[in-house]
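Taken verbatim from TrEMBL:
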TRANSMEM  A:50-72  transmembrane segment
TRANSMEM  A:92-118  transmembrane segment
TRANSMEM  A:146-166  transmembrane segment
TRANSMEM  A:172-201  transmembrane segment
TRANSMEM  A:210-228  transmembrane segment
TRANSMEM  A:290-313  transmembrane segment
TRANSMEM  A:366-383  transmembrane segment
TRANSMEM  A:403-428  transmembrane segment
TRANSMEM  A:449-470  transmembrane segment
TRANSMEM  A:482-507  transmembrane segment
TRANSMEM  A:528-550  transmembrane segment
TRANSMEM  A:570-591  transmembrane segment
Amino acid sequence: MESDLSTSDYLDQIERLPTHEREGQLFWKLRIRETRSQLRHLFANSRLRTSLVISLSIVFWIGLFVLFYLGFDFVVGQVGLPGATYHAQTVQFVFTLFFMSLQIMLIFSSGIILYGGLYASNETNHLLTLPIRDSRIVLYRFQESLFFSSWGFFLLASPMLIAYGIVVSAPWYYYAYLPGLMISFAYIPCTIGAIICLILISRVPHLRRIVVGIIALLIVVVAYTSIWRTLDIKDADLLGAAWFKQTFRRFEFTREEWLPSTWLSNGLLEAAREETFDPGDLPWFESGKYLIVLLSNAMFFHVILLWVGGLLYRSSYYGLNSRQARQTHLRMAWIDRITEKLLWLLPRETQLLIIKDFRMFRRDPVQWSQFLIFFGLLMLYFANIDRFRQHRQDINVLAWVNIVSFLNLAVVGLILSTFTTRFIYPLISLEGRRFWILGRLPIERDAILWGKFLFAASGSWLPCAILVVSSDIMLRVSIQVIVIHQFICLMLCIGLSGMAVGLGAIMPDFREQSPSKIAAGFGGTLNLVLSAIFILLTVLLTALPCHFYFMANESKLQTQMIPAGNLLLWLSLGLIGVVLLTALVTIVPLMGGFRAFRKLEV
Amino acid sequence: MIHFEDVTRTFGNRTAVERLNLSVGKGELVALLGHNGAGKTTSIKMLVGLLQPSFGQVKVGPYVVSESMREASRLIGYVPDQPFLYDKLSAREFLEFVGELYGLTASEVRTAVQREVERFQLGEFMDRLTESYSHGMRQRTVFAAALIHEPEVLVVDEPMVGLDPQCIRLVKDFLRAYADNGKTVLMSTHTLGIAEEIADRVAVMNSSRLVFEGTVAQLRERVPGVLGTLESLYLALTDVSVFDGNSNGDFRSHSESPVLEP
């Protein structure tokens, strides 16, 4: 009888299951095969994107290296080489503050990425049905989160530390220790983030969402207030000796001996300093001790992660998947009614298409949350650029105000271009799956594209206009500059939307379901590159004449080189150029898009 | 071989599966039927370890799934309703990975892969990346992966969705033959014709409870006045008015004896 089945009947099968180490080898084999295949695909099908990413990364790395090299060269010029009284203090201050900030970021990013990998992934669901240890699944996913959360750290820290080594003529073992110090340091906050993630998720299903929301909000408020207080310094004291002392004291907490960031900083400083003749004071040995502390702690947290993963992962997965799905009863929201009223001038079918896109956008937090984070950060930055206020009459300050205001405009445009590439460009490709209904409706196909274009242009205009006007108000630029900025902002919204919708219709990808993958393809990359060129041309066409014209007027100085009348003409020509350029980047892709979309067969 | 023992699964206030008692023996093929939301997929997820019962237990052979997940998984092959494949692996690489995770040696994996290639006619696309596969090719690859270790228990959730007639024939013949070879098969499906054709028994779930378990002939006896196919019997059975003589659709008020014994 079946009830008589015992474990001994299946002992042979169970005993043959792979050991922990063997499981690890199999997952590494899987990863290597996937990476090889991915690289082959990238070089065969996404050459433009791959070469663009590699070249930009190299340029970024070299730029950072030069910046850090000059910075450290200046610092060493002021405080002397390693061994000098103030050198260790100054560099330690910079290092500990830098690594402490990255340490916190690594904790958060590793935890957030691991959450996606462990609890919201089809692959993990598949792995959970196979006879794999829970701790192995956690480790497999953690390795991914470690990579994705720490590559930025390596990109930032490697030029900085190499530059420091070169400036202070560090011995060979400084460079030999560098990879070990950096990797073991990055491992510690990442494992801590992963452990926190597992513990939180195992407890969160029991907490109400509102409680979690309030706690998160409180953390943000406390963090913001403490940073604000730390940096709240009177302008008069800025960069003075008292200011340095005060700041050094304020950030004392970053130099606590128990912090991994302090171990890393001390390890680097010890390795970089000159050897002494004292056999009891060997820099390579002192630095090696910090390396061992970092390595042993990284291994300790690795073991803890495996233990916590084995203990909590499956129960937390069950807990998260046992919550009742939220029943949302969707009615026509007030915001839809307002949108409908605002669109009264448009044909009814275009109104309906715009409202449909708007609803889908609103109900997909992945889309608007990224938009919100980017624009929120910009808003935070704009709200804090009032340093120029008290020096309004200084011609140098005036020049900077103008430059910064146009740079801010360019930044808003560049962020908008990532938004149009990531969200607007894939809209037509994603529509392919719904084309059976859209294609059969008694509406012109052109109306669908017009709908997308108007949705993108009008939807992006308001937040961009608010951001640009905030920046201008904080910088106290003249009303004429505000008007010009708003005009350029409108042109950017129209041009970028037209380009994204048009190119999206010319090069649709109906096979791909993920908007991020569609955006990462050839068409998306091309859209991003063309958008960046358009933004730079637009800003350059107006920034230079505007800069000279208003500087000449506001500072009451008449330039001898170019008469004011000529400057006004130059400015007017620049604005006309922007209009023509916008018309070009809007009409040409849109016309191509209309043609391609009319012929489309799905 | 499979035992659901008084299994209940709740999601907040909602009960997805209520006091499910169901056993499937060796050499048996049981079709799990029910409307959308009746509790079939939740039951299957508890069987394969993706969900834990709120009450009761699920056993596979001698192992309680929630207590000995790894051991129970070794005995199960699972074909989900939304199968997962690594886009950047070929079918061969995927099958090798899964086979080795089940503890097969390299030579055993090679033999097993060859066996599944022939069984599911995977030969022509075996070394292409799975991202280029059609739905039918993907489904056949997932079947091959679920069978790579020749499991004692095969659990299949909606196996025929999106398959072409040839593929359906292939899968039907295979499932029947697998059970005839002494293995256990539990299949959830909406395709009543197929259930009638290949299943030894059917288990019907309605509003999170098992309302019938037995052969189609026994079902015919239990639903008087309805003749013909499993489809008409199923519709009659899941129509509350036929089952308990009231037409208000309130099933919970009659929860004392929900299962029609064969």
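Placed from the backbone N, Cα and C atoms, the Cβ positions cover glycine too.
The model shown is predicted, which means the values in this text are computed figures rather than measured ones.
Using the rule of three or more Cβ pairs under 8 Å, pairs at least 6 apart in sequence, the transmembrane segment (A:403-428) is in contact with the transmembrane segment (A:528-550). The recorded stretches the transmembrane segment (A:290-313) and the transmembrane segment (A:172-201) share 3+ CB pairs below 8 A when only pairs 6 or more apart in sequence are counted, and are therefore in contact.
Counting Cβ pairs under 8 Å to the transmembrane segment (A:482-507), the top-ranked stretch among A:92-118, A:172-201, A:366-383, A:570-591 is A:570-591.
Comparing A:92-118, A:366-383, A:570-591 for CB pairs under 8 angstroms to the transmembrane segment (A:172-201), the maximum falls on A:92-118.
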